[in-house]
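Undergrad: Below is a structure I'd like to ask you about.
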Amino acid sequence: MKPKIKVENLTKYFGDKKVLDEISFEVYEGEIFGLLGHNGAGKTTTLRILAGIIEEYTGYVEVNGKIGYLPEERGLYRDEKVVDVLKFFGELAGMKKEEIAKSIDYWLNKLKISNYKYSKIKELSKGNQQKVQFIVSVIHNPDIVILDEPFSGLDVVNVRLLRDIIFELKEEGKTIILSTHQLEKIERLCDRVLILKKGKAVHYGKIEDICRKMAYIEYLDNGKLIKKEIPYEEAVLILKEKAEDVIKFEVRYSLEDLFLDE
């Protein structure tokens, strides 16, 4: 299968500072791919290169498909109405008027902000402004959706809403590549990840192949409810010893060990 995104030995300098150091990865159709790392790891620079915003670099970058991009810096026309901003970006993408109108209504309803259609951007909460910015990235029905820190500034309810929408995009065959520095956001979302440290790729592959296997277990111990997350092997022993008293057993994966030296 031909990858939707192919990157080989990507290197980028800002002045004398090397911010990306020969990173390589591939992303396939219908995949949710994550870039994970602390601030300054090189995530945003990588996504800006994929989106065509940064053009000067060394290495090979191939992107096969129409792109939608949610930047880390949320920049919308604050004095404009939501509907006018979305119309502008739809027109910029070459959409017909009927397509734009239909897409606007669909996404405003999907993200539960249809009541703000005629509100000015500056009148919206930061969370709702971010939802509008997300719509900008998908209004033109792109093949590839690039999301830089998509959950930043959202409350728990809206994080879940956006996660569900990302999963739906995947089911439609869209390719999604997103960045985050929050482990819990990526462990249960991405099919594969690239973990960056100071511009270098330190791990690349499926979550279960690069993470420490853990388990969350709830059980009764002499009538007392115990809840804890422990290494998988330890949890299995408890499960065997207290099978009748185990209330919940859930396999999880931890990436924490990868960041201990940061």
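Just so it is clear, glycine is given a Cβ too, placed from its N, Cα and C backbone atoms.
In case it helps, Swiss-Prot gives these features for our protein:
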| type | residues | note |
| --- | --- | --- |
| DOMAIN | 5-223 | domain 'ABC transporter' |
| BINDING | G37, H38, N39, G40, A41, G42, K43, T44 | ATP binding site |
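Tell me what's around each of these sites.
TA: Model confidence over the domain 'ABC transporter' (5-223) stands at 92, taken as the mean pLDDT rounded to a whole number.
G37 (ATP binding site) falls within neither a helix nor a strand when secondary structure is assigned with DSSP, and so counts as coil.
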Undergrad: Have a look around A41 (ATP binding site) and count the other CB atoms within 10 A of its CB, chains all included.
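TA: I get 24 for this one.
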Undergrad: Sort out the sequence-distant neighbours of G40 (ATP binding site) for me: same chain, 6+ apart, CB within less than 8 Å of its CB, listed by position.
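TA: Listed in sequence order: K198.
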Undergrad: Highest CB neighbour count within 10 A among the binding-site residues N39, T44?
TA: T44
Undergrad: Helix, strand or coil for T44 (ATP binding site)? Use DSSP.
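TA: It is helical.
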